[in-house]
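Since the structure comes first, as structure tokens, the remarks are kept for the end.
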Amino acid sequence: MADVRTASVGQVEPRIAGHDEAWGPRPRRIFSRRNIVLYGALVIVSLYYLMPLYVMIVTSLKTMPEIRLGNVFAPPVEITFEPWVKAWSTACTGLNCDGLSRGFWNSVRITIPSVIISIAIASVNGYALANWRFKGGNTFFTILIVGAFIPYQVMIYPIVIILREMGVYGTLTGLIIVHTIFGMPINTLLFRNYFSSLPEELFKAARVDGAGFWGIYFRIMLPMSLPIFVVSMIIQVTGIWNDFLFGVVYTKPDTYPMTVQLNNIVNSVQGVKEYNVNMAATILTGLVPLVIYFISGKLFVRGIAAGAVKG
Amino acid sequence: MPTEATRRPNTLFRNLNAKIASLPMILTALVVFVGGTIWTITYSFTNSRLLPRLNFIGLDQYERLWSTPRWIASIQNLVIYGSLSLIFSLLIGFVLAALLDQKIRFENTFRSIILYPFALSFIVTGLVWQWLLNPDFGVQHLVRTLGWESFTFNPLYDQSIVIYGILIAGLWQGTGLVMCLMLAGLRGIDEDIWKAARVDGIPMWKTYIFIVIPMMRPVFVTTLVIIASGIVRIYDLVVAQTSGGPGHASEVPAKYVYDYMFAAQNLGQGFAASTMMLLTVAIVVVPWAYLEFGGRRRHG
């Protein structure tokens, strides 16, 4: 799309200027004033956005005496990995002193089932909404989408009661149910829009051949919708990994996810503050979503754009 | 009517699989979203403390809520943070998108760098900025060691400006998203518009302000709704960065709700406060949903 604009602008301009023999895009000087301002601005902005990440990494590699002496932006004189080890295995929250590792594994145990269950439900649901329209289906869907805007605080306590009645309040199972519920609006929307965009003839042909609801889903829709599964997975993994509120409400200290434990480690009032350990812990917690973000690249962007702009 | 009765078993079992597949959605929509909301609103009129009890006391909880200084501070913070966050994230997001839309090299690199904070949690964001804004080690310390001895920039320990410290962190985390939405909107503008504006000799900035931005109205509206409903929910960022302090200077409504429900054992207050949050969101979302979904029904 961008090429079209360059090409056509190049064609229009020479004609206005009267150079009929000049074709093709007008060559641009690399160091034009426009480019210097443009790239200069972008580089400065990028540096600003990268600065906290840089400071996190640098701080986590310094020793405490060095932190007390120098400034936060200075690179470490003497690189030490001790803060990382300590953050992972011996940092204290309250009485427990087994570091962030417990929170990490809790988060893994929460994220994997939550992602699988929520995507399975949302994809089947989106498929039903797109291809097997039934009476009332759209009404419930509208409630679901509008419900996504209700502040979580309104529904927190009723869910506590529901989970308590089910006997799963305070357990990982309870938290997984909560993540499935609150991941449903965006993911159902994503899958419904995707399945609606597939040609209907495909569905009709399968129907004529005698395939049923699940047959069409597993044999035709599922293999065709891998990209949207990846997008949905990115949204869910980062969303669930980064969650704090549900973790703190629906789990107990033993099953706290990583974000909650991180906050407890860094913001604990007792003891001397160890900034290097804190920053190592912070990076460790941010590592999973960051890795997913940098691996997925354009799909991540597609996920948030699809979730937001299409409405 | 008789025909309706004979047809009924037919319609109920038609698409039975689809209905079974939609059962989680139906339950979520009805039980959690509708049921939970009605439940909370109902109990906000009671004097529930440790346990929810149906002992109605009218609007007492709301009266108490609006006479609590901490709640007033929360609302003030939300208004300041919310309006500034809206303005700046739209402004910065749009300018960055416009810069990236100039057919530049390394567009993907720049975009990845500006968007990556969005992948991080609010907890991580809050903790990083808590460290950067630390008066003894962070930005203030750095500028002082560079020679400007009297330089003061200590938002996290100054009651009057603490909310701006949170705003800085919030903008760092969230502008990337706005930029991406705006960029998608800019890419949706027809190339002919740009050509026509160029032929007519309209300067670029004028084309943006008078032609492109009005054309991107739907994108702006959607972005506005997304940012606004996120702002009302702001919680983790404050918890991580300041824990609501110093004093109650950076309290926000969501934190008020949590503290009253789960720490102060005053459920009624928590319910009343969360109902007020719902009302705030409704003021933003209902007109939008009405326009968006009401208008779309015509297309089928």
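Here the Cβ of each residue, glycine as well, is placed from N, Cα and C on the backbone.
As recorded in TrEMBL:
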TRANSMEM  B:21-45  transmembrane segment
DOMAIN    B:75-290  domain 'ABC transmembrane type-1'
TRANSMEM  B:78-101  transmembrane segment
TRANSMEM  B:113-132  transmembrane segment
TRANSMEM  B:161-186  transmembrane segment
TRANSMEM  B:207-232  transmembrane segment
TRANSMEM  B:271-291  transmembrane segment
Stretch in B:21-45, B:161-186, B:271-291 most in contact with the transmembrane segment (B:78-101), if contact is a CB pair under 8 A: B:161-186
The transmembrane segment (B:271-291) and the transmembrane segment (B:21-45) contact flag, 3+ Cβ pairs under 8 angstroms: yes
Long-range neighbours of the transmembrane segment (B:113-132), counting only residues six or more past its ends (CB under 8 A): 96, 138-139, 156, 165-166, 168-170, 172-177, 179-180, 234-242
